[in-house]
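*Asks:* Below is one structure. I have some questions about it.
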Amino acid sequence: MKIILLGAPGAGKGTQAQFIMNKFGIPQISTGDMLRAAIKAGTELGKQAKTLMDAGQLVPDDLIIALVQDRVAQPDCEKGFLLDGFPRTIPQADALKAAGIGIDYVLEFDVADEVIVERMSGRRVHPASGRSYHVVYNPPKVEGKDDVTGEDLIIRADDKPETVLDRLKVYHTTTRPLVDYYQAEAKAGNTRYFRLDGTQPVEAVSRELDKILA
């Protein structure tokens, strides 16, 4: 079961990735985690990536694909894997295909931009503990204060409306075209494509995923 999750930041991919991993026992593969692990382990690919990153350059697709190939060959990926944050662009999707890494399911979490802005800009965090709240969906007992310590909650820079809108702009320009790409792949019989309504309650989305992947 090889899965790609698509959807804008704040569409609920992280929550459902956790559900899929627990339910089906497959690992989540994050390219960021892989890069950090390869650099820490001092592998050949890790050394190349570190040199580029130290120079402030982006790690090229061929290097990332080589890391993904290494990772999916590990024993814990025998039953499948969940790709998170990759591919982000059509050239990356093409490279994945050229590397012979087939994908069984592409799952898109569809949420309107204004809902994402409301979701993310309503988040509040207690910096010391990492506890998070939401002014609408999961409010603290006292507005602006952590339930446990009574200390002030903050809005992370990432959750400010202007930052969220910038991230959405990047998503629509670079990653959104993958929706059409993978729908075409599904029509050609190369994968199965499902669009889920990410505005539903978390449990409802999980139930739908369970049916799709069962």
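Placement of Cβ uses the backbone N, Cα and C atoms for every residue, glycine included.
What Swiss-Prot records for this protein is below:
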- G10, A11, G12, K13, G14, T15, R123, S132, Y133, Q200: ATP binding site (BINDING)
- T31, R36, Q57, L58, V59, G85, F86, P87, R88, Q92, R156, R167: AMP binding site (BINDING)
- 30-59: region 'NMP' (REGION)
- 122-159: region 'LID' (REGION)
*Asks:* At the Cα level, what's the spacing in Å between Q57 (AMP binding site) and G10 (ATP binding site), rounded?
*Replies:* 27
*Asks:* Sorted by position, what residues of the same chain at least six away from R88 (AMP binding site) have a C-beta under 8 A from it?
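*Replies:* Set apart from R88 (AMP binding site) by at least 6 residues yet with Cβ under 8 Å, we have T174, T175, L178.
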*Asks:* Provide the three-state secondary structure of T31 (AMP binding site) computed with DSSP.
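*Replies:* In three-state terms, T31 (AMP binding site) counts as helix.
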*Asks:* Among G10, G12, G14, R123, Y133, these being the binding-site residues, pick the one whose CA is nearest to that of F86 (AMP binding site).
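*Replies:* That would be G14, the closest of G10, G12, G14, R123, Y133 to F86 (AMP binding site).
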*Asks:* Across the record's AMP-binding residues T31, R36, Q57, L58, V59, G85, F86, P87, R88, Q92, R156, R167, the largest CA-CA distance in angstrom?
*Replies:* 30
*Asks:* Got a sec? Which of these binding-site residues, G10, G12, has the most Cβ atoms within 10 Å?
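*Replies:* Of the binding-site residues G10, G12, the highest Cβ count within 10 Å belongs to G10.
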*Asks:* Just the number: how many Å between the Cα atoms of G14 (ATP binding site) and R156 (AMP binding site)?
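*Replies:* Rounded to a whole number, the Cα-Cα distance is 18 Å.
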*Asks:* Same-chain residues six or more away whose CB lies under 8 A from the CB of V59 (AMP binding site)?
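*Replies:* Correct list: L35, A49, L52, M53.
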